[in-house]
Structures are given as C-alpha cells and as structure tokens.
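Presented below is the structure to which this report refers.
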Amino acid sequence: MCSVTGVLILNPHNYKEIEKKLAKILIRAEDRGRDSFGIVVIQKDGSTKSSKHVGKPSLQEEKLYGILDENSKVVIANNRAEPTTEYVRRKTENDIQPFEGERFVVTHNGIIANDMELEKKYKVSKLSRIDSSVLPPVLDRSWNGNLDSLSEILNSIRGSFALVIGDKKNPDRIFIAQNFKPVYMMYDRDLGAVFFTSLDDYFDATELDNVTKLDPYSVVMVDDKLEIRKVPLLKEKNKKRILVVASGGLDSTVAATYLVRQGHEVTLLHFNYHHKAEEKEREAVRKISEYLNVPFVEIDTDLFKIVGHSTLIKGSSGEIVKDRKGEEGAEFAHEWVPARNLIFFSVALAMAEAYGFDAIASGINLEEAGAYPDNEMEFVRMFSRLVPYAVGPNKKVEVLMPVGNLVKHEIVKLGVQIDAPLHLTWSCYEGGNKHCGKCGPCYMRKVAFEVNGLKDPVEYEA
C-alpha cells in the first residue's frame, strides 16, 4: 500500500518553498509507506528528473531536496508500504514508484488484481514486477490525454486505486483518479501551488487553508489556470431502485411517496425492535406499502432490547415524557435510542448493496434535528461520505433525504400535495388503540396539521 502525492506548480519562482512543503508531506506520509519513496518531476519542456530510494524519507531527508528548480511544473511522488504479496527482497530503482512511461508518469495506491490481463489486453509489458508498473505502458498505448477517455481505461482495472498522473506532453496539468482510495487537494495561494496527497493530515493545514477531499470514483484534471474538470467513473441512473427506511410515521411515508411520484422503484424497509409502538407501526407500514403498491421488507431484531437504556423500548423502567401536552418531548430527545439511525442506515446499506438498490432513503427531517442528533442533515451527509468505504469495489449506493430540509408542517403540506397516505400513518410513541395525543411526536403532528388548517385524519385518546 502507498501514499500518493502530487504537486502542480503555478509559481515556479517559489520552487524552494514548494520543495520544503513537499518534503514535509512525504515525511508525514511514512505511516502509509515506509519501505521506499520516489519523486519524479516533469519540467516545463516535458523532460523529467527523478529521485528514488529504499527506506524512510525521514532518515534520508537530504534526498528530498535539490530536485525542483524554476522550470519544474509537475511533481509525482510516492511512499510505499510493500504488500506481503509483492515483497521484493532486493529492490532496485525499477521497483520504486512513481513509474515513468514514454509519456505518462504514474503513482498508484492500491492493488491491481488483473495486471497480467491488462498486459494481454493492451499488448504491453510491465516496467517492473510490481503490479502498478503496468499503468504507464497501458496509458502510453491507449490514452490520448483527454479526461473523458481516461475513465474508460480505468474501468478496465480490477482492484483498488488512487492515481496521480503527470503528462509530459502537457506539463501544465495534473490528473487524479480514484475509486475508493482517498486523495485530498490543497491549494496554497501563497506558494502558488496545488498539492495532492492521500490524507489531509499530511498537509499540516490550518483551519483557513483550502483543503478538499476529492470524490471517490472520479477522475479530476487541474491545470495551471486553476480550471478543474471532473468526470465520474460510475454512471448515474435517472430511475433508481430505492430502499426506504420506513417507520410508518409521517416523515418516512411522505419521503417514500415523494420518491414513488418521482418515478423511482421503491421498497419499504421496516425494523421491529421491541419498541412500544412496534405492533402499530408494523400495521401502518403494511397498509402504506399496499396503498403505494410497493414491496415491504421487515427485520426483527433484539439488538436494542439488549442495548437498553431507552424509554422507547418495551420493558424499560422509564415512561414516555408527556409534559406540557407533549411539547417537552418534542423539544428534547428524552426517548433517545442509542445509535438507532446509524444501525438502521448500516443495515439498509448492506441490503441495498446485496440486492442491487441504487440508494437508501429515510424520513430524516429538519424539525426532529432540533432534538435528535441522528436526524440532523449533517448525519446523512457524513454517512453518505462513508458509504464508498463501506461497500464493495465499484458499488454505488446513494443516501437520500427527500424531506431532510423540511419541518413538520411542511412535510404535512407536501404529503397532501402528493397524495401520501397520511391517514394510514402512526406517529405516537405509545402502542395504544389510538394516538395518545400527549407525547412529543403526537404534539408535533397535531400542530403540523393545525398550521396547515387541516383536520388530522387519525384519532386521539380523549
């Protein structure tokens, strides 16, 4: 495994300071690569200079300097942790990344499982025993330097990769390609350079520095005019198969209905987790699935009964908070269930990957984000960023929040507009014959209908 590093130099007069920053990055990157390090510099005229060495850069710091000059344009570098399956007892310069072809210079983090197949397909030979060394000959043979055509070649790779690529014919630009292996970008305005590396920690950036995580499964080109172009490696679908985590309440029901009305293929996923309203929610979701004419999957779990520490679970010692006619329960997470949405999302993600769904969705919304951290839009955004590292290679599962930016009365309004089966929903934390009318969800529901001047179609206890 490796850390990949690249630099696009915009102001060559600052080459000495740029070199110092590069050296610091490579030393910090030792935790992803201790066995060797290499630097290849592409000059303004397309010629190259290189420095490759066995061992840690921190123990040979002098070899990190004296490489750049006023004509340097692009730097491609690598720190390598030699995989057990590719251990080379006596390494030569040919076994050290970056690898240099006739036109392209490549540094690679990951494993290419089909390197021998690529040799046959493109009729090339590896530059070394290392799998990564197949890439420069493949690119030399089949790539014209156009961003769009690069994605087609990369999709023939079976394995993992983060690539930083330099083009000797066009030393005014740098390319970054990745599936699930990470690459970060930092623009140093003062130095006049754009830096790339595998972890943002290696930049030693401050809060005011411009650091960006590049999207997984993308190919990016940055040129010396600071133009950035990006193309995805995975195709986007207009009509999606979506697995909706459905409780039977207002929010997830409106979310599911909205997706159905958008033309997507929706399946409802419901969890029976020994909560007090389990039977009523289960009944509601079944009726909602019939109304929307969509499949319904349910999962029974004892996990939250084992975790405990929530008044929402059957047999708990506490009671549902009903102070101030339910307003107290609406404004604070008294009925918090530890890590519930994280677990629900994780199970939904596993099922989505296994059964070929394109996305998962839920009824997470702005109203309940005021009390519950795992209803915050940021929770969904952060989980979405985690997904490429939680599913298999070349799998894409989106995380959607159709009502994420709406408050409760807006959700009710939208539900009426799209003919969502609000009359079939169950919002109450209790599992009685009717809504209790006094818990937090009941309070929010009643107020939401009142704001819209509508009669709530469900019944409440007197």
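Using N, Cα and C of the backbone, Cβ positions are placed for all residues, glycine too.
Quick look at what Swiss-Prot lists:
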- C2: active site, for GATase activity (ACT_SITE)
- A246, S247, G248, G249, L250, D251, S252, T253, V254, A255, A256: ATP binding site (BINDING)
- C428, C436, C439, C442: Zn(2+) binding site (BINDING)
- 2-225: domain 'Glutamine amidotransferase type-2' (DOMAIN)
DSSP three-state assignment for C2 (active site, for GATase activity): strand
Listed in sequence order, residues with CB under 8 A of the residue listed as 'active site, for GATase activity' and six or more positions away: R32, G33, N78, N79, R80, A81, Q97, T107, H108, N109, G110, S198
Integer Å distance between the CA atoms belonging to G248 (ATP binding site) and C439 (Zn(2+) binding site): 16
Cβ-centroid neighbours of ATP site A246, S247, G248, G249, L250, D251, S252, T253, V254, A255, A256, 8 Å, sequence order: V244, I288, G363, T425
Listed binding-site residues (A246, C442), ranked by Cβ neighbours within 10 Å, top entry: A246
A256 (ATP binding site): secondary structure state under DSSP, collapsed to three categories: helix
Distance, C436 (Zn(2+) binding site) to A256 (ATP binding site) (CA atoms, angstrom): 25
Listed in sequence order, residues not in C428, C436, C439, C442 with Cβ within 8 Å of the centre of the Zn(2+) site Cβ atoms: I320, K322, G326, S427, Y429, E430, H435, G437, K438, G440, P441, Y443, Y460
